[in-house]
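**Q** Below you will find the structure I want to go over with you.
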Amino acid sequence: MPVNRVGDFGLAPGISGCFTLFQTVDFSTIFARASAPRNSWISCNMRLNAITLICILLLIGAVGKSAQIGSHTWSPDAMEGPTPVSASIHAATMVTAGVFMIARCSPLFEYPPTALIVITFAGATTSFLAATTGILQNDLKRVIAYSTCSQLGYMIFACGISNYSVSVFHLMNHAFFKALLFLSAGSVIHAMSDEQDMRKMGGLASSFPFTYAMMLMGSLSLIGFPFLTGFYSKDVILELAYTKYTISGNFAFWLGSVSVLFTSYYSFRSLFLTFLVPTNSFGRDILRCHDAPIPMAIPLILLALGSLFVGYLAKALKRRTGTSGINVFQFLALHRPSNGPWTKRPLPERTMSRGPPPPPQGNTLTLGTGAWPSFVCGRRFGKVCPSTAECFDLVRFIIASANVFPWADAPPVQALIYITPEETI
């Protein structure tokens, strides 16, 4: 797809730039040499900071791989395969690759503040755009796919405000409740004869009590309901963004808070349209429906336990290690030998504390504000909003861009993308 080519055009030159500047692609060597004064190139009578340029190129690769703004359209299309594959792709493997790359290269990204600002704005904008697009979807799996893009935006802008440990913590928590949501949706689709349109469902709570309970747990964890797994990471991300006295921190906090409202809205909308509103499907389909059998129920139970209790891992590790719960992953990262040269060099303090974080009651109020319209409209009218997703659809723009630049997907360019990293390394 053209959007993946954009990521390739950023990632390949970024790796090549690392090799050109540091003469290696080894993490420990790059982190040790990054503080050297020879970190600028002179090109076209302009003095460019090489590390800033490399980080921006790597960010473009992460944007393509993690379905961020402008390159997010491939992620909902990728969920058209089997539901277990969708759960693996959207929960913990493929789409999180860009987030992990930024977190793994965090010592390098800490040098150019410009790159961190771009990361913060890209992640916050993605979380908002994907959340607003999710409220306009009628495909059950597509709603969950757009929620993945939104949660990845939280992880990205957490890296942008230099809180990589919290980003990885949210990545781990996200794997549990997002896999639970996808597999629960797969159970519904399997029983409904492969029907994915929520407008043709409804009234399934009586036929699917177990699946309904599992999907409710996953949705509550997704929106960050207090004391569930998603709450312990998402709320901390917003709290840390609030304490950053910078323009990018303010932007990330307010856009992330509004995204929480929309996340609550489309999560409860999917629950009401699928399980609680009067049925909109044929009677014979309802009669043939059955809840998840035991082989399908066992993974749901295990993921539900993770969606409920994994957040307490931070407290347990705090008691055992004496480290702050949100810094557990940073505590482990600092003891990696590859990060040794970097951790010995103190970084300048670029931010100022705003003061005490907002009270946790604000998060609960935001969740209730987003859930209430879904409850009222779903109960009274049986539907929430019309199908107007085309207003937010960027597919037409991407297709038009691909027609303008058809050479971007030509075989010689593909060969260049695939050969260059191997030859460079």
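Cβ atoms are placed via backbone N, Cα and C, with glycine included.
Positions annotated as domain 'NADH:quinone oxidoreductase/Mrp antiporter transmembrane' by TrEMBL: 3-253. Annotation source TrEMBL lists region 'Disordered' at 340-363. The transmembrane segment feature in TrEMBL is assigned to 12-34, 46-64, 84-103, 115-137, 143-163, 175-192, 212-232, 253-276, 296-314.
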**Q** Verify whether three or more Cβ pairs under 8 angstroms connect the transmembrane segment (296-314) with the transmembrane segment (253-276), leaving out any pair fewer than 6 apart in sequence.
**A** no
**Q** Who are the chain neighbours of the transmembrane segment (175-192) in space, where the CB to CB distance is under 8 Å and they lie at least 6 residues beyond its ends?
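**A** Beyond its ends, the transmembrane segment (175-192) has Cβ neighbours at 79, 82-84, 86-88, 90-92, 96, 140-141, 144, 147-148, 151, 200-201, 204, 207-208, 211, 214-215, 217-219, 221-222, 229-230, 274, 281, 285, 288-292, 296, 299-300, 303-304, 306-307, 310.
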**Q** Using a cut-off of under 8 Å between C-beta atoms, tell me which stretch among 84-103, 115-137, 296-314 contacts the transmembrane segment (212-232) the most.
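**A** Of the candidates 84-103, 115-137, 296-314, 296-314 scores highest.
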**Q** Under 8 Å between C-beta atoms and at least six residues away from its ends: which parts of the chain pack against the transmembrane segment (46-64)?
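**A** Non-local partners: 3-14, 17-18, 21, 34, 39-40, 70-71, 97-99, 101-102, 105, 108-109, 111-112, 114-115, 118-119, 122, 156.
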**Q** Any chance you could find the range in 84-103, 143-163, 296-314 with the most Cβ pairs under 8 Å to the transmembrane segment (115-137)?
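**A** The stretch I would name here is 143-163.
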